[in-house]
Amino acid sequence: MVQKTSMSRGPYPPSQEIPMEVFDPSPQGKYSKRKGRFKRSDGSTSSDTTSNSFVRQGSAESYTSRPSDSDVSLEEDREALRKEAERQALAQLEKAKTKPVAFAVRTNVGYNPSPGDEVPVEGVAITFEPKDFLHIKEKYNNDWWIGRLVKEGCEVGFIPSPVKLDSLRLLQEQKLRQSRLSSSKSGDNSSSSLGDVVTGTRRPTPPASGNEMTNLAFELEPLDLEEDEAELGEQSGSAKTSVSSVTTPPPHGTRIPFFKKTEHVPPYDVVPSMRPIILVGPSLKGYEVTDMMQKALFDFLKHLFDGRISITRVTADISLAKRSVLNNPSKHIIIERSNTRSSLAEVQSEIERIFELARTLQLVALDADTINHPAQLSKTSLAPIIVYIKITSPKVLQRLIKSRGKSQSKHLNVQIAASEKLAQCPPEMFDIILDENQLEDACEHLAEYLEAYWKATHPPSSTPPNPLLNRTMATAALAASPAPVSNLQVQVLTSLRRNLSFWGGLETSQRGGGAVPQQQEHAM
């Protein structure tokens, strides 16, 4: 009876009538229940869990490889919207080519577009460096403008607005801070190696005497992020490609930044659409030698760019038109109480007049009575083209001043001192330095620069030209003198030759006596 019952329990073979698991003290465990749950009728259990995992893995793959119809349609709608927005942006970009310049800016930062900048049309963003000039045609949206780099051969494109540049800068600073912290954690924990990671290559590693906390606190404060981003981009290759789209100019010289007062510099400064031309040198304005040479150059410019240039005299002290003064009402009282020749209202009026003249996209030359040094205008919004008339030899300048008579000779020391101050300026402070001995060379140098600037500000694609410029040129053509132009050219070149060629022929005039150069100069 017992044997029959055991035989009826299942199809076990004679050698395995009773499984050994029955005598296992842990048949009620969790694993045993799972295993029994997938046991087949033939008793095979080796592939139970494998087959189950295979089925579940296959179902997951089939789920991910088959997106729903709603997801597909949503992706198609997004792509269609993107293409339509890009088409409209291209159409607006094409229309902007013939639009007049709304305003101009000078850049304080550099920009190199990257794929993550969300440019309205990929590949049409404009790359620029610090101190470049941009002509803005119109505002596309809150993040992008339409304009062009003032350089020959550059076409219109998308320019990031100040809001966009600030957001890119903040994102860049955040990534740089994270990169610094991660690099400091991955490095050695010793004080010397920590100093190397925090300070980088620009500052030496501080000694292990307690300065580590100072450098660490300095690292956490974003004092030098804008100045160090170029070097940090080179040190971390992966960070350079992703966050190096906005750059600031490197600092001039070595500075200790611990006590530096942080001041946010705007990415752009609004400047005249055409940079005004200002002559300085060879000495002080108001004295005969300087006024004589500058007047000869103004006459030359008036003839060469007839119909394309406006020459105007400025008597107000435009060096007072600093951005920090005009934007700060508390400083107005200080300026008004000082013994200045011009009031701030008069200065502001002159600045507005210069901006208005530049809107016509004509060349603008300023005969400024009070400007004798480029530093006087460095903090203004004029961004002028500084032309330096340079007399290399102080002896030549002395001879010129003495030849003008006693009224000029008694101010010899003042004029020589002003000339020396100009000579001490680095060449970067001037746009053009006219130090040629021959008249033709000096005039050709000046003409080449201004012609190149004219082409940079008037690209061939900007047709029709500015209507204000058309009216001005038409008026100038109607009012032109019927006298032959060649006579005027001969007069201007002759007057310049009498002055500029005198510098090179000073030794000959000294051997022949001092009356010859004086007679030539009075012929001016």
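Here the Cβ of each residue, glycine as well, is placed from N, Cα and C on the backbone.
Note that the coordinates shown come from a computational prediction; the quantities given were computed from them, not determined experimentally.
The annotation region 'Disordered' is assigned in Swiss-Prot to 1-77, 179-214, 228-259. The compositional bias 'Low complexity' annotation in Swiss-Prot covers 43-53, 179-193. Residues or ranges marked as phosphoserine by Swiss-Prot: Ser44, Ser47, Ser73, Ser186, Ser193. What Swiss-Prot lists as compositional bias 'Polar residues' is 54-71, 235-247. Annotated domain 'SH3' per Swiss-Prot: 100-169, in sequence order.
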Rounded mean pLDDT within the domain 'SH3' (100-169) lands at 95
Please list, in sequence order, the residues in the chain of Ser186 (phosphoserine) that are at least six apart in sequence and whose C-beta is under 8 Å away from its C-beta. none
DSSP-wise, what's the residue breakdown of the domain 'SH3' (100-169) into helix, strand and coil? 11 helix, 26 strand, 33 coil
Ser73 (phosphoserine) CB neighbourhood, other CB atoms within 10 A: 10
